[in-house]
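The feature active site, proton donor/acceptor is assigned by TrEMBL to TYR174. Here TrEMBL flags LYS202 as active site, schiff-base intermediate with substrate. If you look up TrEMBL, you'll see VAL245 marked as pyruvate binding site.
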Amino acid sequence: VVLSTRLASPLWTTLAALRWAAPQQHRGLSTPSGPGHSLNLGGIFPPLATPFSPMQEVDYAQLEGNLRRYASIPFRGLVVLGSNGEYPYLAPRERLEVVNCVRRALPRDRLLLAGSGCESTQATIELTVSMAEAGADVALVVTPCYYRGAMTSAALVQHYTQVADASPIPVVLYSVPANTGLDLPLEAVLTLAQHPNIVGIKDSGGDVTRMGLMVHKTRQEDFQVLAGSAGFLLASYALGASGGVCALANVLGAPLCQLDRLCRGGHWQEARNLQHRLIEPNTAVTRRFGIPGLKKAMEWFGYYGGPCRAPLAPLSPPQVEELRGTFSANGWL
């Protein structure tokens, strides 16, 4: 499959472009000026937590239950196999089964982004092709980082170019320096934005100056910037981001979609008030307590959180109380 995909990569890219050729819906300030986007990434995407049973097996019934609850929230789509999905802890077979499960449950008008980044370019291409076959609409490709000292702009541009050439679906770059220790260099992003099969970036670094520059410098490209965290979502929209992939959306999906609507409608004071109430809960389920905190908070809002896979440890009782206090102090519990 990989060999034939490589040989046919120009055809794949053309088909992918044709598949997504649709008029862009311009929605106010947050949509960058320039050409219409062939694939509209505007809106909120929760990076789904992967539910595990008490025996630490993937619990597909609980995953389907969470998906049913999320169906009533106006997300643009879902992200599977991102950092919050405990992607590094899943076997290859499990990764494909999770994508299959989510695709079956997801309405066709909602996008499915699937993490397919591996350390080698060859493995990333193979997994990206498999994700497309399993039903993913877009590949979310994290920066390879194990040999990060060698991950120069040139090396990363070559990596992503080869992946995008071979991918049968559009590619979104993924920069998450808190996990990788590597920020995808701005000059590499600007070069890759010119690739016809690279449609955007999820930037989790939190540098809004950098995000604003990305929007500004790629305004003539078919390229969209997604905020990688709810803590700087409003600031990202104000600078022209298209949407957000936010861990907190697993817990507070409706308020984040409300923030998206307020920003698009230019209701900045209401948006600011809402953003302020989201900052501390977001920090609590990301930097402070991570995925164990995210899964614990999900349970308070009617979702299945459950255990993480070892070596991720559950929160201690004092940590649980601190987490609950953070949500309560901001009016969510």
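In case you wondered, yes, glycine gets a Cβ from its N, Cα and C as well.
Keep in mind it's a predicted model, so treat the numbers as computed, not measured.
With respect to their backbone Cα atoms, LYS202 (active site, schiff-base intermediate with substrate) and VAL245 (pyruvate binding site) stand 7 Å from each other. You'll find the Cα of the residue listed as 'active site, proton donor/acceptor' roughly 11 Å from the Cα of the residue listed as 'pyruvate binding site'. Long-range neighbours of VAL245 (pyruvate binding site) (same chain, six or more residues apart, CB within less than 8 Å of its CB): PHE45, PRO46, PRO47, VAL79, GLY82, LEU113, LYS202, LEU226, ALA227, GLY228.
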